[in-house]
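S.K.: Could you have a look at this structure, given as structure tokens, before my questions?
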Amino acid sequence: MATSWGSILQDEKQLEELAQQAIDRALAEGVLLRSAKNPSSSDVVTYAPFTLFPSPVPSTLLEQAYAVQMDFNILVDAVSQNSAFLEQTLSSTIKKDEYTARLFDIYKQVLKEGIAQTVFLGLNRSDYMFQCSADGSKALKQIEINTISASFGGLASRTPAVHRHVLNVLNKTNEASKILSNNPSKGLALGIAKAWELYGSANAVVLLIAQEKERNIFDQRAIENELLDRKIHVIRRRFEDVSERGSLDQNRRLFMEDQEVAVVYFRDGYMPSQYNAQNWEARLLLERSCAAKCPDIATQLAGTKKVQQELSRVGLLEALLPGQPEAVARLRATFAGLYSLDMGEEGDQAVAEALAAPSHFVLKPQREGGGNNFYGEEMVHALEQLKDSEERASYILMEKIEPEPFRNCLLRPGSPAQVVQCISELGIFGVYVRQGTTLVMNKHVGHLLRTKAIEHADGGVAAGVAVLDNPYPV
């Protein structure tokens, strides 16, 4: 996948000058993070790491990823409403994975009491890599779907201008014009705004559940600002604040410091380390309320790796999406090989295959946030320890995707520009809103491309491994 700027990657002096221009433009555009040293303050900020050039992406695969996103929205929503499927699918996992078990306990409590909310909001991001076959052909393969705190929609809205600027500096105006416009933050905000509107209280606010130390604040502010432009107010609070000052009235309306809450938007609560006893209490309070949660706990469970693995079983998509054979075909075309590690013959066979050919598999726990997976020798060591234990049921095995590497230059604060062999991961943002049983919004709202050096097996931008990028359609 050659590009017309490949030769510049060998010119150190030109690269240095161009990198400085790109960094200045990124700062001017608001491609920003708080500093690692002081993540609670915006007094000192830095640019978010990014590629100097956009990276080549096959245009047919980009189109395919967009085309299937609304199917994934419908699928996630269907799974979240199917309590029998969730219970059956997660039954082995919750025996050995304490975090998933705690989420499931809250889910069961809310089901027993009766779900109070009538408006349901999904903001998700489906992530893919491009599998490269021996004959050079490429296929879109889903890595995962993020149903909680799907990030970088705000910063991804600001990076196209940076890459257009770089190419314009090089007099590559034709190439610059091919960089797609992209504004996920606007689309994500439209989903929140629709849920807020359907809740039906003009004075109610959106409650954003935030971490105390949040480097990625500007990503979140982009969505907040879009909402404020629509006269919808956002309050940022931590789980601790909800525990201390949140309450439900007799109709289970949620109040935060006497302000009624229409929508709860989680940008925290997706990893075990983000919960203590007080935070679990706060999560239960939020779930019991009639506010629209993004996501509600059923939708968070629908995004687990175990659910992803079960959805790949023959006949399951057909059962969940009856009468929709075209959608089923589009979805199934993106599935990589996924294998259960539940106790029994099927799980034993999967373990044996992975130990025999470790370079072909990835071991995945039920975790979000990046940097949790096991590869190669590390995977072999983990499987040797897990293979005879019921704990293995809290993991899944996935076929390892092998994309075609390409050269690009990675720009990171405090580091010299680095020209390396890279691979990319494409995310498509999806938004849906359901009122009762009626789907009132279902759309794709933009993309995110993240790129990393090939030696890094796992991890995203927040984990310090990948950098922000833009697709250059080829």
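Think of each number as a place in line: the chain as shown, counted from 1.
Backbone N, Cα and C atoms are what each Cβ position is placed from, and that goes for glycine too.
Annotation comment: Swiss-Prot describes ARG125, 148-151, 214-216, GLN220, 267-270, ARG450, 461-462 as substrate binding site, evidence class similarity to another entry. Among the features that Swiss-Prot reports, Mg(2+) binding site is placed at GLU144, ASN146, GLU368. Positions annotated as ATP binding site by Swiss-Prot, on the basis of similarity to another entry: GLU144, LYS305, 364-373, TYR375, 398-401, GLU425, LYS452, ASP458. As annotated by Swiss-Prot, N-acetylalanine applies to ALA2, with the evidence given as similarity to another entry. Feature annotation from Swiss-Prot assigns phosphoserine to SER415.
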S.K.: Rounded to an integer, what is the Cα-Cα distance in Å between SER149 (substrate binding site) and PRO365 (ATP binding site)?
M.R.: 18
S.K.: What count of other C-beta atoms do you get within 10 angstroms of the C-beta of ASP268 (substrate binding site), across all chains shown?
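M.R.: ASP268 (substrate binding site): 20 neighbouring Cβ atoms within 10 Å.
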S.K.: Can you tell me how far the Cα of LYS452 (ATP binding site) sits from the Cα of SER415 (phosphoserine), in Å?
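M.R.: Given the Cα positions, LYS452 (ATP binding site) is 15 Å from SER415 (phosphoserine).
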S.K.: Here are the recorded positions: ASN146, SER149, SER151, GLN220, SER415. Which has the lowest count of other Cβ atoms within 10 Å?
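M.R.: Across ASN146, SER149, SER151, GLN220, SER415, these recorded positions, the one with fewest Cβ atoms within 10 Å is SER415.
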S.K.: Whole-number Å distance between the CA of ARG215 (substrate binding site) and the CA of TYR375 (ATP binding site)?
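M.R.: Taking the Cα atoms only, ARG215 (substrate binding site) lies 28 Å from TYR375 (ATP binding site).
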S.K.: According to DSSP, folded down to helix, strand and coil, what is GLN220 (substrate binding site)?
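M.R.: DSSP assigns GLN220 (substrate binding site) to helix.
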S.K.: Measure the Cβ-based neighbour count of GLU144 (Mg(2+) binding site), defined as the other Cβ atoms within 10 Å of its Cβ.
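M.R.: I get 19 for this one.
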S.K.: Work through the binding-site residues one by one (GLU144, ASN146, LYS400) and name whichever has its CA nearest to the CA of ARG125 (substrate binding site).
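M.R.: Considering only the listed binding-site residues, the nearest one is ASN146.
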S.K.: How many neighbouring Cβ atoms, not counting its own, are there within 10 Å of the Cβ of LYS400 (ATP binding site)?
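M.R.: Excluding its own Cβ, LYS400 (ATP binding site) sees 21 Cβ atoms within 10 Å.
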S.K.: Using C-alpha atoms only, work out the spacing between SER151 (substrate binding site) and GLU144 (Mg(2+) binding site) and round it to an integer in Å.
M.R.: 14
S.K.: Specify the secondary structure state of ARG125 (substrate binding site) as given by DSSP, simplified to three classes.
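M.R.: In the DSSP reduction, ARG125 (substrate binding site) maps to strand.
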S.K.: When neighbour density is defined as the number of other C-beta atoms within 10 angstroms of a residue's C-beta, which of the binding-site residues ARG125, ARG215, LYS452 has the lowest density?
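M.R.: The binding-site residues ARG125, ARG215, LYS452 were compared, and ARG215 has the fewest Cβ atoms within 10 Å.
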S.K.: Using all protein chains shown, find which of the binding-site residues TYR270, TYR375 scores highest when you count other CB atoms within 10 A of its CB.
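M.R.: The residue with the densest Cβ neighbourhood is TYR270.
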